[in-house]
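Have a look at the structure below, then the notes.
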Amino acid sequence: MSAAATVPTPAPTVLGFSPTVEKLNQSTLRQWRVLISRLFLRTSIGELFTTAGAPVVFMVGFYIPFAIPWNHFVGGASSGVASNLGQYITPLVTLQAISFAAIGSGFRAATDSLLGVNRRFSSMPIAPVTPVLARATVSVYRCSIGLAVSLVCGYVIGFRFHRGALYIVGFCVLVLAIGAVLSFGADLLGTVTKNPDAMLPLLTLPILIFGLLSVGLMPLRLFPRWIHPFVRNQPISQFVEAMRALAGDTTKRVLPVTWPVMAPTLAWIVGFTLFLVPMSVVVLSRRR
């Protein structure tokens, strides 16, 4: 008779995780850190200068042309819309700045795909999502620079936070969350197109058009009535109104931080995330 088959003793676990899973998680984290270091080393002074300079250009480009029309058509501070133009347009300028910073993630993804970097990654023991998360992390860092410069520029032209520190943190977290989603989407688009030159028009034009057709520059009542539903409900308008509520103002008509005000913004962010996650599975599973 043959000896009885022995059943291998399972490896001891800690908090339900086997050593193999722990090693895998540590390996993925280490790969993520290495890729981030690689991306930081590839970041030039010109890229950082562009990231920091974009909010200045957007602020000047929006403030100077709208300063006189704001007082003439909106009515200035007496209208109750906002205490000043700086308080009104800074949220939109901030969104434009982080959108511009997020384009870098798509450009890097397209470049990596074009040069065959993703193909080399696919032959290595690297999770397909690790390079994406690394590029998105660096992009969020760039978004934080755009956020900081936007707030400084806004302060110069009159923007102020009128609520407590918790609301300031909420404002910044909301902006960076939007930036993270945009970076993730831009990265997937760059991976699919494999065309770095196409990233700027593909990502800049929609954001610019949505920004101009939003309540970020002027109140809803100044738009033609037939386009009101689109202007009121599109994501940029909802993001801007949530940011204005978190920033506060001295006028009596300032938006409160309530569920009806914040829910559409959260719904858009969650909706974009739920759309991008399955798309990333399809895109990354077909990378070559």
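Easy rule for this one: first residue shown is 1, then count along the chain.
Every residue, even glycine, has its Cβ placed from backbone N, Cα and C.
Bear in mind that TrEMBL entries carry predicted annotations, made automatically and left uncurated.
It should be emphasised that the depicted structure is a prediction, and the values quoted were computed from it without experimental measurement.
Listed in TrEMBL for this protein:
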type	residues	note
TRANSMEM	48-68	transmembrane segment
TRANSMEM	88-111	transmembrane segment
TRANSMEM	132-158	transmembrane segment
TRANSMEM	164-186	transmembrane segment
TRANSMEM	198-220	transmembrane segment
TRANSMEM	265-284	transmembrane segment
Problem - Same-chain residues near the transmembrane segment (88-111), Cβ under 8 Å, at least 6 residues beyond its ends - result: 39, 47, 51, 54-55, 58-59, 62-63, 66, 70, 81-82, 117, 132, 135-136, 138-139, 142-143, 145-147, 149-151, 153-154, 157, 159, 175-176, 178-179, 182-184, 186-191, 193-196, 198-200, 202-204, 207-208, 211, 214, 216-217, 236, 239-240, 243-244, 247
Completion exercise
Per the Cβ filter (under 8 Å) with a sequence gap of at least 6 from its ends, the transmembrane segment (164-186) is approached by 94-95, 98-99, 101-103, 105-106, 109, 132, 135-136, 139-140, 143-144, 146-147, 199, 203, 239, 242-243, 246-248, 257, 265, 269, 272-273, 276, 280
